[in-house]
Amino acid sequence: MFRTRRLRNNPAIRNLVRETTLSVNDFIYPLFIEEKPGLKNEIKSMPGIYRYSLDRISEELDEVVELGIQSVILFAIPLEKDEIGSEAMNENGIIPQAIRFIKKNYPQLYVISDICFCEYTDHGHCGIIHNNDVDNDPTLLNLNKQVIAHAKAGVDMVAPSGMMDGTVASLRNELDENGYTQIPIMGYSVKYASAFYGPFRDAADSAPSFGDRRTYQMDPANRSEAIREATIDIEEGADIIMVKPALSYLDIIRDLKNNFDVPIAAYNVSGEYAMLKAAGKNGWIDEERVMMEKLMSIKRAGADIIITYHAKEAARVLNRG
Ligand code: PBG
């Protein structure tokens with residue numbers, strides 16, 4: 001008889017043959033930064049996740065550092081939104097302020113910024129609108145201004161999420177020409193037009209006011225196209241490529257792992273977080289175990305890096321051993 005159970009006899013042997021391990025080092029924790037002062041507001045559809053103003057963010061950062069989380073990714077809720085998202089390009093805007101604050105007070109934290117316009121435009125689309133659609137090439141010029149504002153503030157890595165063609169090449173060139181050759185780019189290379197972003201859009205007030213994002217984000221039905229997107233981003237200079245969302249796209253994460261030799265990140269998005277929280281709250285599942293299983297599955301699929309709202313909770317579990 002073939003006896004595969006021999007290697008499951010006790011914890012020691014199971015530990016010896018375990019193929020995948022999760023570590024706090026794998027996590028990037030997203031932060032929503034409010035420009036309006038004096039705020040700490042829980043996001044209704046994301047229990048446990050808050051929008052913080054800069055004057056309150058230390059509560060959160062102290063905990064992050066204490067738990068051993070090393071990286072954060074920043075999202076903005078600016079005071080002013082307009083048609084072109086001017087605030088995104090402001091060198092003293094909320095994200096440059098946040099980068100300076102964190103690098104000064106928490107120099108050990110690795111700070112990543114989201115490079116996109118949807119949080120800054122009054123229509124919620126990811127760039128300049130022309131004929132009811134995002135105009136690709138003029139948007140690239142504005143993304144260049146945004147990236148320089150973040151670079152000047154001292155950001156460690158940038159992550160363009162807008163799915164405009166040519167973004168990575170354009171940002172790489174702009175960064176290099178301005179002397180920022182050491183700032184890596186993590187491309188949201190394979191980003192689907194997903195309904196799982198709903199809670200994030202509530203959190204960032206960034207739901208499109210007309211239409212949807214299907215002219216720039218990928219069709220969830222497509223798999224080969226993910227290889228094309230990743231190939232292009234790597235050729236354009238992406239240091240890390242990302243798949244987003246994570247859980248319904250584990251096949252895509254594995255495809256990239258099997259095809260490319262660069263680190264792969266996966267974004268465990270807001271809707272995925274919200275679903276687990278809702279089921280957990282109702283007592284329908286063992287929330288902690290399902291959380292760890294799901295993070296493990298993302299890693300096992302091939303992700304080296306996981307961007308997740310669960311980072312703090314998962315760190316607590318891992319630190320407990
Ligand atoms: C775009 C951006 C989005 C998310 C991260 N960056 C939203 C979108 O495309 O609407 C979603 C993240 C999440 O759902 O957790 N700047």
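The backbone N, Cα and C atoms fix where each Cβ goes, glycine too.
Feature annotations, reproduced from TrEMBL:
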BINDING   Cys116, Cys118, Cys126  Zn(2+) binding site
ACT_SITE  Lys191  active site, schiff-base intermediate with substrate
BINDING   Arg201, Arg213  5-aminolevulinate 1 binding site
BINDING   Glu229  Mg(2+) binding site
ACT_SITE  Lys244  active site, schiff-base intermediate with substrate
BINDING   Ser270, Tyr309  5-aminolevulinate 2 binding site
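Annotated features taken from TrEMBL, shown on the structure.
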| residue | record | DSSP (3 states) |
| --- | --- | --- |
| Cys116 | Zn(2+) binding site | coil |
| Cys126 | Zn(2+) binding site | coil |
| Lys191 | active site, schiff-base intermediate with substrate | strand |
| Arg201 | 5-aminolevulinate 1 binding site | helix |
| Arg213 | 5-aminolevulinate 1 binding site | coil |
| Glu229 | Mg(2+) binding site | helix |
| Lys244 | active site, schiff-base intermediate with substrate | strand |
| Ser270 | 5-aminolevulinate 2 binding site | helix |
| Tyr309 | 5-aminolevulinate 2 binding site | coil |
Which residues, in sequence order, are found in the same chain with Cβ within 8 Å of the centroid defined by the Cβ atoms of Cys116, Cys118, Cys126 at the Zn(2+) site, excluding those residues themselves?
-> Phe117, Glu119, Thr121, His125, Gly127, Ser161, Gly162, Ser206
Rounded inter-Cα distance in Å - Arg213 (5-aminolevulinate 1 binding site), Cys126 (Zn(2+) binding site) | 8
Is any of Cys116, Cys118, Lys191, Ser270 (recorded positions) within Cβ reach of ligand 1, i.e. under 6 A, and which?
-> Cys116, Cys118, Ser270
C-alpha spacing of Arg201 (5-aminolevulinate 1 binding site) relative to the residue listed as 'Mg(2+) binding site', in angstrom = 24
For Lys244 (active site, schiff-base intermediate with substrate) and Lys191 (active site, schiff-base intermediate with substrate), what Cα-Cα distance in Å is obtained after rounding to a whole number?
-> 5
CB contacts for Arg201 (5-aminolevulinate 1 binding site) [other CB atoms within 10 A, all chains] | 17
Check each residue in the chain of Tyr309 (5-aminolevulinate 2 binding site) that is at least six apart in sequence and keep those whose C-beta is under 8 Å from its C-beta; list them in sequence order.
-> Tyr29, Pro30, Met46, Gly48, Ile49, Asn268, Ser270, Tyr273
Could you give the Cα-Cα distance between Cys118 (Zn(2+) binding site) and Arg201 (5-aminolevulinate 1 binding site), in whole Å?
-> 9
Just name the most isolated of the binding-site residues Cys118, Cys126, going by other Cβ atoms within 10 Å of its Cβ.
-> Cys126
Least buried of the recorded positions Lys191, Arg213, going by other Cβ atoms within 10 Å?
-> Arg213
